[in-house]
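Engineer: Got a structure for you, questions after.
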Amino acid sequence: MCELGSGSVSLVSMAKRTLGTAGVRTVCFSYLFIHYALLVAYVARSSEILTNSLGIPLLESATLFSLAFGGLCYFGSQRVIGAVNGFLVFSIIASFTVLVVVASGNIQWSSLLETNFAAAPQSIPIIALSFVYQNVVPVLCTNLEGDLSKVRKAIVLGTAIPLALFLVWDAVILGTIPGFAESGTITDPLQQLRSSNGTVGPIVEAFSFLAIGTSYIGFVLGLTDFIADCKYLLQSRLQSNHIFKLGRGLE
């Protein structure tokens, strides 16, 4: 942004400058497909949590979540959205801390030394999805006015915090469930924690809902900026074609 002297840019703008027309089409299709699929998944999971908590139908839960968070992204100012998102992040850390304290009461440190590298490939999709922050980098650059130092700091801290949470959570899961790493059966560690400790269930639901909320906000903002940039590039292309045809008509 600073080097080019341009305003806000998105992935499609960068793809156009580096990959050409074919790259733009590939980026657009991939970006829209992944984002809309994940938004559907977020709404579906959040509606399940609301239904279990409030006892209302899934359709009403999905509508309530979409209106609340979608309305925030549409009507809220940058300052309001930032404040709400900051509160959600603080609540995530608080609920995560409580969850770790409650769940790690019977942790067995020897279990952390067990390995099963054959199961590692199954975690690759989760790792790829868990650290998807590239979609909000263009919005982040715009909000920070292209300040390279602030952008770098935001990306490093924004990646380091979830990484630390993942490492702590993995330690709790692997250390709390005996023999889980070597188990030949497919089991849900959260379900095992719920069955062993009744306090874990509500905390997990609260943590999951808060995490979905922050992810939803980030994806909506990134998608909005992406679509706006696509629209701008399309209009610029149409105007260029119109001027070209007009120029040829005057020859």
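Just so it is clear, glycine is given a Cβ too, placed from its N, Cα and C backbone atoms.
Fair warning: this is a prediction, and the values are worked out from it, not measured in the lab.
Per TrEMBL, the features are:
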TRANSMEM  22-44  transmembrane segment
TRANSMEM  56-75  transmembrane segment
TRANSMEM  82-103  transmembrane segment
TRANSMEM  123-142  transmembrane segment
TRANSMEM  154-177  transmembrane segment
TRANSMEM  206-228  transmembrane segment
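Show me how these features fit into the structure around them.
Structural biologist: Packing against the transmembrane segment (56-75) from elsewhere in the chain are residues 43-44, 46-50, 81, 84, 213, 216-217, 220-221, 224: each is 6 or more residues past its ends and has a CB under 8 Å from a CB in it.
Taking Cβ pairs closer than 8 Å, the transmembrane segment (206-228) reaches residues 8, 10-12, 31-32, 35-36, 38-39, 42-43, 45-46, 49-50, 69-70, 72-73, 81, 84-85, 88-89, 91-92, 95-96, 99, 133, 135-136, 138-139, 142 in its own chain, all 6 or more past its ends.
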Engineer: So what's near the transmembrane segment (82-103) in sequence-distant terms, Cβ-Cβ under 8 Å and 6+ beyond its ends?
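Structural biologist: Residues packing against the transmembrane segment (82-103) from afar: 72, 76, 165, 168-169, 172, 176, 193, 197, 199-200, 203-204, 206-207, 210-211, 213-214, 217-218.
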